[in-house]
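Features of the protein shown, as given by TrEMBL:
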DOMAIN    1-37  domain 'Haemolysin-type calcium binding-related'
DOMAIN    160-205  domain 'Haemolysin-type calcium binding-related'
DOMAIN    344-383  domain 'Haemolysin-type calcium binding-related'
Amino acid sequence: DQVTVTQFFDSGDNPSHVSNPIQAVRFADGTVWSPAQIVALALAGTAGSDSIRGTSGADVLEGGAGNDKLEGAVGHDTLYGGEGNDTLYGEAGDDVLDGGAGNDHLYGAAGNDTYLFGHGDGQDTIGSDRDTSSTKHNVLQFKAGVTVDEVSVRRSGGSLVFTLAGGTDQVTVTQFFDSGDNPSHVSNPIQAVRFADGTVWSPAQIVALALAGTAGSDSIRGTSGADVLEGGAGNDKLEGAAGHDTLYGGEGNDTLYGEDGNDVLDGGVGNDRLYGSGGNDTLYGGAGNDFLEGGKGSDTYSFHRGDGQDTISDYDTTSGNTDRLVFADGIAADQLWFSRNGNHLQVGVIGSDDKVTINNWYSGAAYRVEQFHAGDGSILLQNQVDALVSAMAAFSPPAAGETSLPGSYRETLDAVIAANWQ
């Protein structure tokens, strides 16, 4: 048995409109339901899977158990999904969306909306709100019991993922990095993260957290701005994207891509691979046997004592670019040993195993760095390298532990070094 009242929610979903056929419900025991009470009952879910739409007023929609669909409609509404995998649409107005337990999808739409998330809420997704207002301010609000130090942040493609420690609870914010990897774009579903203790994260702070690595093997991509990416421990993959970025690999065998912009790439400890790509980049492998490729632009390769055995692949046909191999303080011009190995040029630090190999040096000018800078300020040009290679080919490299050329070597080499290093 049922009775249907037509047009109850007509005229903007407002039961107070003049065309509503009833203005009250009365029972034999004298109980009376007003229109407001009727609406509240209609907006409360069941143990099953419900589809509930609000009115033009400020509604409270509760899905209860089951996989529910809740639509706030017009007004400043509060939507509780309850248990189950629910889908919540705030629509117009400043709405509060709480998926509850289960893997829920939350869509705020127009207005300044608040998304609630806490322990036991499952794996929720905050979708595009289709609100392109430049003044909107949507907030991801963590519930009581969630502290700042237990929330980790990472980027996953164009999305942002917040994970709570100690379980599988997480909330994914889609399209956070859309529109040129810029979190300030108008389609971003959230503009802040807030905690119960009053702590607030701005978009810039959120990005910084997302670009910081963990003790594991991370894959981190920057934005269109000037980012600082830190891999930490583990074998990490860092991508700077657009902007003048700084990438720190940290410990582990890392792979760093500067991409567009004038980037600084520091591999840290481990056998790393660094790719500058476009722009005037600075590449420093750090300790370990590293591979460095500057790409286009005027790039700088940095090398220190104890950095191991690095390989440079420098192919750039652009006229006017000047690539440099810069040796740190403590490595003077007369402590560098030049030799040919097949088609490659090798520059070693005498008395140690440290050396830099420049691949395909003898294949043509496009494979060469234009300048060498010693730690004492001396500069050697690429067209002066052969003189040193030829002179040093007559000797064996100095023995391990020797930090200066033997006297017998100096009789021949001092004049060649002085004539070419300026």
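Just so you know, glycine gets a Cβ as well, placed from its N, Cα and C.
As the structure is a computational prediction, the values presented were derived from the model and not from experiment.
The average per-residue pLDDT of the prediction over the domain 'Haemolysin-type calcium binding-related' (344-383) is 98, rounded to a whole number. For the domain 'Haemolysin-type calcium binding-related' (1-37), residue counts in helix, strand and coil come to 7 helix, 4 strand, 26 coil, using DSSP.
Mapped onto DSSP classes, the domain 'Haemolysin-type calcium binding-related' (160-205) shows 7 helix, 14 strand, 25 coil.
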